[in-house]
Amino acid sequence: MLSNIAFYGAIETGLIYGLVAFGIYISFRVLDFPDLTVDGSFPLGAAVAAVLIIEGVNPWLATGAAVIAGMGAGAVTALLNVKLNILNLLASILTMIALYSVNLRIMGRPNIALLTEETVLTPWYDLGLAYHQVPVLLFVLVVLVSLVLLWRFMKSETGLAMRATGANPRMARAQGIATGAMIVLGVALSNGLVGLAGALFAQSQGAADVTMGVGVIVIGLASLIGGEAVLTPSTVFRALVACVIGAIVYRLAIALALNADFLGLQAQDLNLITAVLVTLAIVLPGVRTSVAARLTRKKA
Amino acid sequence: MITATDLTLTFGKGTPLENPALRGMSLTVNQGEFVTVIGSNGAGKSTFLNALAGEVMVDSGQIIVDNQNVTKLPTYKRAGSVARVFQDPLAGTCEGLTIEENLALAIKRGQRRGLSAAVKARYLDQFKTSLTSLNLGLENRLGDKMGLLSGGQRQAVSLLMASLTPSAILLLDEHTAALDPKTASFVLDLTTQIIEEQKLTALMVTHSMKQALEVGDRTVMLHQGQVVFDIAGKDREGLEVKDLLELFEKQRGLEITDDSLLLG
């Protein structure tokens, strides 16, 4: 079974990917905007935070700068789509590719170690908790605050306008909603959350790496879809809670798969396992209903 | 009041599919007037309404709504003065949002939206009163998803949403065409009732000549992107579908071949 450290490690990463899932919920679900920018904005957040931290900037300020950088990346994708009429998916791929170069420029090298630096986690180690529990505590707080703020926002006049923009753009325009502006705001917000996740990930893992964004979109989607399978997202609040649950369940499933010796899986199999899990998460709810339908049909 | 002057609009300009939808169309609708608009397929009815709403931009001409030149304004900037109900009952509301959320979107039509809660306690009484007037029992279902409602119910709510805040003009684009006859007549009655009560200026496109003569106080017929005739007041009283057809033939020397106009 899972060791204590592996368990807390899975929860810790799960919480960070919960933030990514929030972002993906905004783009994929609220706005119906398939956005792959996150593969670039995740390492962007990490890069910005890492560079500022080694420059001696306060780690919370550095994390805030990472959020703003992520929002900027999202705004670029949205503007490519809204102003230049580039297909949303393609627009996000363009930004993602561009960000690879931008991230290398920001860091000046492929990776930056933060092991000896003061991070947002440093003061929390004095609380007397076990070493592997500290990040979990801090990230639970960050995720809870983000969840409540995001939930309140989605219930606000502007948030409702954003939800209408994704659900029925023609109706939204007829109600006087500037749908283009809503897409820019939403995609920016989404990538701001992903930038935050990247900054926290770099600080808890002790390094920022230019390749750390590969597959973030798939893991985020896996969390989102998995969470929706566990908890039906009938309200915004449930959908947001589902994001966090999905992300944690996903990381636990990965940790279990890698730890189960009889499966013979190793760390390099991670992406394969991810792809299989995402496929299962997408297909299983459908299988469940079709099996149920077949069973009831037989009874009748 | 709206004044549309000499509107022209050609779809697919410079391509083999070039299609002139509006060809110098002019129409003035006075304050408080309820105008019904008829015409065969391709006459430019929907295009005209879309041009007024800002969904399509005209190539030339001018549109003035309540003394404001809106010709170049996008839809969302006109929404404060233009309310709409679409033909498709699914188009006017958001099925993923609750009834109260849909109404809360509509109560802010054309106004600035901030960060305060969208569904405010002080709106609820107003929502309930207006929903009660529909007699559909929806006043007790404010928290239900819009998608749970039937097409007719959704169209009734769309109509309510369009009249929740004052507007210079209400545009109805064949808004009963997709409903079964009984629901269609319910929604039509509701339409005339709301327009009368709130003294709205309205433009209703319909495919049925009979309906066009029965409701409203002025009828305009479009053909090939222009107004071919425009009757109101005494001339319109007692007019029947066959009179309308004669009028049309006299004006144009054409016979109407579009069956749906005759059968409706």
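Backbone N, Cα and C atoms are what each Cβ position is placed from, and that goes for glycine too.
Per TrEMBL, the feature transmembrane segment maps to A:6-26 (among others).
For the transmembrane segment (A:60-80), the list of distant contacts is 33, 35, 37, 40-41, 44-46, 48-50, 52-53, 86, 88, 91-92, 94-95, 99, 120, 183-184, 186-196, 198-200, 203: same-chain residues at least six beyond its ends, Cβ to Cβ under 8 Å. The transmembrane segment annotation in TrEMBL covers A:60-80 (among others).
Tertiary neighbourhood of the transmembrane segment (A:87-108): same-chain residues 33-41, 43-44, 47-48, 50-51, 73, 76-78, 80-81, 208, 210, 213, selected by CB-CB distance under 8 Å and a gap of 6+ residues from either end. Per TrEMBL, transmembrane segment is recorded for A:87-108 (among others).
Within the chain carrying the transmembrane segment (A:128-153), a Cβ under 8 angstroms from the stretch's Cβ atoms is held by residues 4-5, 8-9, 11-12, 15-16, 18-19, 22, 26, 120-121, 159, 193, 196, 200, 204, 236-237, 240-241, 244, all 6 or more beyond its ends. Among the features that TrEMBL reports, transmembrane segment is placed at A:128-153 (among others).
Distant neighbours of the transmembrane segment (A:174-201): 13, 16-17, 19-20, 22-24, 26-27, 30-31, 33, 35, 37-38, 41-49, 62-63, 66-75, 77-79, 81-83, 120, 139, 142, 146, 158, 161-162, 164-166, 208, 212-213, 216, 220; these residues of the same chain sit at least 6 beyond its ends, with a Cβ under 8 Å from one of its Cβ atoms. What TrEMBL records for A:174-201 (among others) is transmembrane segment.
Here the transmembrane segment (A:207-227) has long-range neighbours at 14, 17-18, 20-21, 23-25, 28-29, 36, 38-44, 46-47, 49-50, 99-100, 103-104, 107, 110-115, 194, 198, 201, 233, 241-247, 249-250, 271, 274-275, 277-278, 281-282, meaning same-chain residues at least 6 beyond its ends whose C-beta is under 8 angstroms from one of its own. Residues annotated as transmembrane segment in TrEMBL: A:207-227 (among others).
The transmembrane segment annotation in TrEMBL covers A:239-258 (among others).
Marked as transmembrane segment by TrEMBL: A:270-291 (among others).
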>> Six or more residues beyond either end and a Cβ under 8 Å away: which residues meet both conditions relative to the transmembrane segment (A:239-258)?
In response: 2, 6-7, 9-11, 13-18, 20-22, 24-25, 29, 143, 147, 150-151, 219-220, 222-231, 233, 265-267, 269-270, 273-274, 277
